[in-house]
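**Q** Provided herewith is a single structure, encoded as structure tokens, for subsequent inquiry.
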Amino acid sequence: KVYGRCELAAAMKRLGLDNYRGYSLGNWVCAAKFESNFNTHATNRNTDGSTDYGILQINSRWWCNDGRTPGSRNLCHISCSALLSSDITASVNCAKKIVSDRNGMNAWVAWRNRCKGTDVNAWIRGCRL
């Protein structure tokens, strides 16, 4: 599923991401835009053999199990395929675990490069939340 911007913002808010660990909703919507273009089915292979899955491009080396990443830690205790669902609950729950780590949202390269230090509230402007 490809979410609309405000549709995704509403879903993320409902699932408790707004100001989770101090990151406003705009940060999460911005990260999803530049990680997956709001597409829950997005997958991208990395040079180390791991793969990033779903709307927030969660990595199989650390966070989920795809059965083909050597030494996967599966810290979210989830199958990577669950992160491709049109229902983003599994992705959000895993993202909460990731952002609680010491790096916070810096774990997402696209957030670090495209969202950090910008006016992320623009991503939720005009949305009825």
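Each Cβ is built from the backbone N, Cα and C atoms, and glycine gets one as well.
Quick caveat, the model's predicted, so the values are computed rather than measured.
Here's the feature list from Swiss-Prot:
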- 1-129: domain 'C-type lysozyme' (DOMAIN)
- Cys6-Cys127: disulfide bond (DISULFID)
- Cys30-Cys115: disulfide bond (DISULFID)
- Glu35: active site (ACT_SITE)
- Asp52: active site (ACT_SITE)
- Cys64-Cys80: disulfide bond (DISULFID)
- Cys76-Cys94: disulfide bond (DISULFID)
**Q** Using a 10 angstroms cut-off on Cβ to Cβ distances, just flag whichever of Cys6, Cys64 is the loneliest among these disulfide-bonded residues.
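**A** Sparsest of the disulfide-bonded residues Cys6, Cys64 by Cβ contacts within 10 Å: Cys6.
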**Q** Go ahead and report the DSSP secondary structure tallies for the domain 'C-type lysozyme' (1-129): helix first, then strand, then coil.
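**A** Across the domain 'C-type lysozyme' (1-129), the residues distribute as 53 helix, 14 strand, 62 coil.
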**Q** Can you tell me which of the recorded positions Cys30, Glu35, Asp52, Cys94, Cys115 is spatially closest to Cys6 (disulfide bond)? Compare CA atoms only.
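**A** The answer is Cys30.
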**Q** Looking only at the domain 'C-type lysozyme' (1-129), report the model's average pLDDT.
**A** 98
**Q** Measuring Cα to Cα, how many angstrom lie between Glu35 (active site) and Cys127 (disulfide bond)?
**A** 21
**Q** Cβ neighbours within 10 Å, counted over all protein chains: which one of the disulfide-bonded residues Cys30, Cys76, Cys94 has the most?
**A** Cys30
